[in-house]
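Student: What Swiss-Prot lists as active site, charge relay system is His71, Asp116, Ser209. Positions annotated as disulfide bond by Swiss-Prot: Cys56-Cys72, Cys179-Cys196, Cys205-Cys229. Residues annotated as domain 'Peptidase S1' in Swiss-Prot: 31-253. Feature annotation from Swiss-Prot assigns signal peptide to 1-16. Annotation source Swiss-Prot lists site 'Required for specificity' at Asp203.
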Amino acid sequence: MLKFVVLLCAISCALGAAVPEGMVPQLDGRIVGGVATTISSFPWQISLQRSGSHSCGGSVYNSRIIVTAAHCLQSVSTSVLKVRRGSSYWNSGGVVVSVAAFKNHEGYNPKTMVNDIAVIRLSSSLTMSSTIKAIALTTAAPANGAAATVSGWGTTSSGGSIPAQLRYVDLKIVGRTQCASSTYGYGSQIKPSMICAYTVGKDSCQGDSGGPLVSGGRLVGVVSWGYGCAFANYPGVYADVAALRTWVVSAASSV
């Protein structure tokens, strides 16, 4: 999420792609207003790592497939990517596996952030356990006001160090129509492939990108973008899994 123009420039350069003014993907990891947790409470959560450092989150779809955000996989090769799963800590524990291939949504647009979703195929299958479990994709978008949870790793305040332990925050779903209304500040930037979530003083932020927004025990969103971190009247924006479900199912079988 956007903090300042300097941050916008830095992330734009790192991504190697155009980023619209005021809009920044969540690349560096922050759960604002959240608390520490363990992987057994969020066993679908993974850490997507570039060259040994946490880069983005993701969700276990099945033993070989991870769902994440397309903006997490721009200008990168599989040779520098690994996935750590089954650990509460991004930098230790669990099992680390290489990435064999990935596929971004063909309609992903880094300027508008539409269709910000991707699938990753791992080089070896996961063994399911109490700390590694797949999460089902929702078949319908949750109702406006429904309870939801987002999880991830990262700093909890601007300029802070990255905590090693997984964190989560409870939010409320803001439906697409409501998120685009005058109640909030986005207007026409909210597209059919997006859903929002918001609670005053709580949010996902840079680096939680690609991570899971869960409601009713199902994956309903993928952390995508927003203005600021827990800024008033600016919900976090997520790829809408209900709207993109058909693509995910197809891509998972062909990546």
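Here the Cβ of each residue, glycine as well, is placed from N, Cα and C on the backbone.
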Student: Please report the three-state DSSP label of Cys56 (disulfide bond).
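Tutor: Looking at the DSSP assignment, Cys56 (disulfide bond) belongs to a strand.
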Student: Cα distance, Cys56 (disulfide bond) to Ser209 (active site, charge relay system), nearest Å?
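Tutor: Cys56 (disulfide bond) has its Cα 5 Å from the Cα of Ser209 (active site, charge relay system).
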Student: May I ask for the distance between Cys179 (disulfide bond) and Cys56 (disulfide bond), taken between their Cα atoms and rounded to an integer number of Å?
Tutor: 24
Student: Measuring Cα to Cα, how many angstrom lie between Asp116 (active site, charge relay system) and His71 (active site, charge relay system)?
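Tutor: Cα to Cα, Asp116 (active site, charge relay system) and His71 (active site, charge relay system) are separated by 6 Å.
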Student: If one measures from the C-alpha of Cys196 (disulfide bond) to the C-alpha of His71 (active site, charge relay system), what distance in angstrom results, rounded to a whole number?
Tutor: 17
Student: Near the Cβ of Asp116 (active site, charge relay system), how many other Cβ atoms are there if near means within 10 Å?
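Tutor: Result for Asp116 (active site, charge relay system): 32 other Cβ atoms within 10 Å.
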Student: Using C-alpha atoms only, work out the spacing between Cys56 (disulfide bond) and His71 (active site, charge relay system) and round it to an integer in Å.
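Tutor: About 10 Å separate the Cα atoms of these two residues.
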Student: For the domain 'Peptidase S1' (31-253), report the average pLDDT of the model, please.
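Tutor: Value for the domain 'Peptidase S1' (31-253), mean pLDDT as a whole number: 91.
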